[in-house]
Amino acid sequence: MSEFAGMEELLQDFLLESSELLSDVDNKLVELEKRPNDKALLNDIFRGFHTIKGGAGFLNAAPMVTLCHRTENLFDKLRNGELPLNPGLMDTILDATGQVREMFGRMGQGLMPASAPQALLSALDNALAGGAAAPVAPTAAPTAPAVTTPTPAPAPAAATSGAQDPDWQQLYGAVTGQTPPAAPAPAAQAVQVAQAVAITQPVPPSPAQPAAQRSAPAKQAAASAPAPVENTIRIDTHRLDQVLNLSGEIGLTKNRLTTLRTEILQGNAEAHTLRSLDEAISQLDLLVGDLQNAVMKTRMQPIGRLFQKYPRLARDLARQLGKEVELVITGEETELDKTMIEDLNDPLVHLVRNAVDHGVEPTEERIAAGKEAQSQVLLSAEQVGDHIVISITDDGRGMSAEALRRKAIEKGLIDAETANSLDEKQSLQLIFLPGFSTKDQISSVSGRGVGMDVVRTNIQKLNGRIDINSIPGEGTRISISLPLTLAILPVLVVRVCNQPFAVPLAMVREIIPIEQASMQEVSGKPTIVVRDEILPLRTLSGLLGWEPTQKPSFGVLMQSAEKSFILAVDSFVGRDDVVIKPLENIRPRGVAGATLSGDGAVVLVLDMEDLLKPQEANAQASRSLELLAL
Amino acid sequence: MADKNTRFLIVDDFSTMRRIVRNLLKELGFTNVDEAEDGQVALHKLKNQPFDFIVSDWNMPNMTGIELLKAVRADPQLRHLPFLMITAEARRENIIEAATSGASGYIVKPFTAVTLEEKLNKIFQVMGK
């Protein structure tokens with residue numbers, strides 16, 4: 001049951017567009033803290049609330065209209081210099097945006113938003129009343145930007161237009177009487193009518209609210225508000241035209257093929273007919289490739305849409321923790337598949353919070369260490385080849401490998417012997433173990449140690465990798481590498497036991513021949529040394545639980561997240577771009593889905609993570625070891 | 001009565017709002033509608049294509065509705081065009097400014113198709129005289 005019956009489409013549009021607008025407002029607010037007198041910023045924020053109010057009015061969302069209206073009036077006073085911006089007021093304003101976002105969340109579920117907390121409305125009223133009283137005498141109503149507020153409780157904002165209507169008609173008559181429309185109306189007449197029109201209402205003063213009380217609830221709301229569900233997408237018409245154009249051309253090529261087929265079926269297989277056939281198929285090949293690309297592009301969205309939520313997040317968190325943090329964003333124009341952008345939100349929120357909470361040290365500690373009091377957290381995105389690399393870099397205290405190892409032993413995640421065998425890089429990977437949390441005191445902010453392993457799992461679901469670098473005292477850098485899209489997966493097709501299998505190309509580093517002489521046994525397991533790196537050797541047939549039909553002759557050097565290993569196969573077919581079809585009803589271990597090869601054969605696409613998971617029997621004992629050793 | 005082929009130009013920076021106005025006009029039987037996302041774009045369209053009626057928001061980036069109104073009234077080719085100002089600004093000095101700048105009507109958000117029709121009819125009446 002939607003409370004917006006008959007307006008669902010309008011609601012979707014409104015939520016999509018307004019959410020973007022609000023994120024933009026949020027960012028501008030963070031900017032505004034740095035440049036409180038920037039007229040252009042104040043204007044933009046004013047317009048943001050104004051626009052949201054206008055749309056909300058048509059949806060009869062009175063609570064949102066009321067809230068936006070007051071906030072808008074506040075910004076009107078701010079931009080006119082009638083009110084100074086102070087930190088307390090800033091908190092109130094940020095609470096208001098949090099509240100609006102919360103309302104979007106409710107509306108996204110088809111529910112009419114509840115009224116904003118009275119404390120927040122009163123705080124806004126106080127600010128408005130305070131501003132009006134100070135610089136402008138209350139009696140100077142005609143010159144002051146007196147506001148017709150729908151503030152009194154019984155009359156919701158939506159009623160304003162009705163009340164104004166008849167008065168406008170008088171004014172209308174007065175002015176439109178002058179036929180050349182540009183001619184100004186005589187001043188006296190206008191003023192006379194104006195008095196009839198105006199229903200100015202001084203904002204009623206409200207009892208003062210303690211600052212803490214008014215900012216606390218809404219802050220919570222800003223963090224927990226559910227994002228409105230987005231099931232529509234906005235596409236550049238140019239990109240859509242390209243899809244249309246290509247599908248048209250494919251249609252033409254198909255026609256040509258049909259004609260050629262008829263000719264060939266009628267026995268005309270002359271050289272030039274076959275050459276035409278060859279040309280047509282080559283062209284189709286090109287066009288289909290282009291079409292796939294073009295369709296993929298329609299799903300691409302700039303990652304800035306995601307990034308723009310974080311400066312506010314970092315700012316609020318830093319304030320809460322008493323730290324000074326600036327979140328610097330670069331590469332926001334980098335484009336990524338829409339579904340990936342959505343799925344990246346949770347991991348990125350977690351990483352940004354981690355950087356501010358755990359990475360950045362308290363201000364005193366920074367000063368003691370000779371660093372700037374304000375820390376910088378850099379969030380960047382860039383396209384590297386066919387991958388997108390997102391990284392979060394802080395200039396905080398960094399992580400000590402020794403401390404991580406100690407912590408992991410304390411938590412019983414690894415034993416001392418394993419710990420000793422870990423190098424610096426492997427020690428950093430410990431934070432990805434389930435149940436690992438580096439902070440002794442659990443802060444309400446960064447969660448309860450359910451963090452990094454979930455982050456890594458989420459990134460891996462997107463066929464991505466997460467890497468970590470840290471220098472004690474200098475900072476930490478976490479980078480995420482993702483494929484451009486999930487729709488088309490580049491794979492390497494290998495053969496084992498006379499059956500083809502596809503493995504994600506993203507994991508393949510190189511292919512090496514396997515010679516018996518180069519194999520070494522390390523603690524009972526076969527390994528091969530590749531450029532001074534000792535890599536475990538796993539046979540695909542072994543992983544699948546099949547009897548090998550021949551000695552493997554090629555090794556595929558695979559890397560997933562932090563693990564590297566060599567996958568031994570009988571031979572390989574080559575690389576291919578495939579579309580994975582999930583298997584229905586059955587889910588064999590280690591199989592992500594199936595695809596068709598060029599000759600129409602079914603090829604299973606392997607899920608290496610799943611395949612590498614230890615079998616039930618030796619699972620518990622070897623899990624953490626396996627995770628690190630592989 | 002009004003010609004249902006009247007060609008409208010809706011000017012608003014918020015696409016949801018343009019859609020609302022477009023739908024309301026459609027309800028009233030006006031389907032010959034184009035859109036512009038701010039005053040600048042609108043002015044460009046007005047100078048290059050024929051329009052019969054302008055429905056504009058007030059508060060927009062780049063060029064506001066009132067600036068557009070003034071520009072339209074200052075242009076000998078366009079000055080005759082009826083101009084309905086749509087906005088949430090329910091302040092008297094705004095109304096006066098719109099009126100003195102030559103707005104043909106002023107409608108406050110939110111409004112219904114009925115209200116819009118009343119406003120349009122009033123403007124068509126004045127034009128018909």
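Keep in mind that glycine also has a Cβ here, set from the backbone N, Cα and C atoms.
Feature annotation from TrEMBL assigns domain 'HPt' to A:3-107.
The phosphohistidine annotation in TrEMBL covers A:His50. Mapped onto three states, the DSSP output places A:His50 (phosphohistidine) in helix. The number of other Cβ atoms within 10 Å of the Cβ belonging to A:His50 (phosphohistidine), over all protein chains shown, comes to 24.
Among the features that TrEMBL reports, region 'Disordered' is placed at A:136-164 (among others).
The annotation compositional bias 'Low complexity' is assigned in TrEMBL to A:136-160 (among others).
Taken from TrEMBL, the feature region 'Disordered' applies to A:203-229 (among others).
For A:209-228 (among others), the entry in TrEMBL reads compositional bias 'Low complexity'.
If you look up TrEMBL, you'll see A:245-486 marked as domain 'Histidine kinase'.
Taken from TrEMBL, the feature domain 'CheW-like' covers A:488-617.
Helix, strand and coil counts under DSSP for the domain 'CheW-like' (A:488-617) come to 18 helix, 71 strand, 41 coil. Here the domain 'HPt' (A:3-107) has, by DSSP, the following mix of helix, strand and coil residues: 86 helix, 0 strand, 19 coil.
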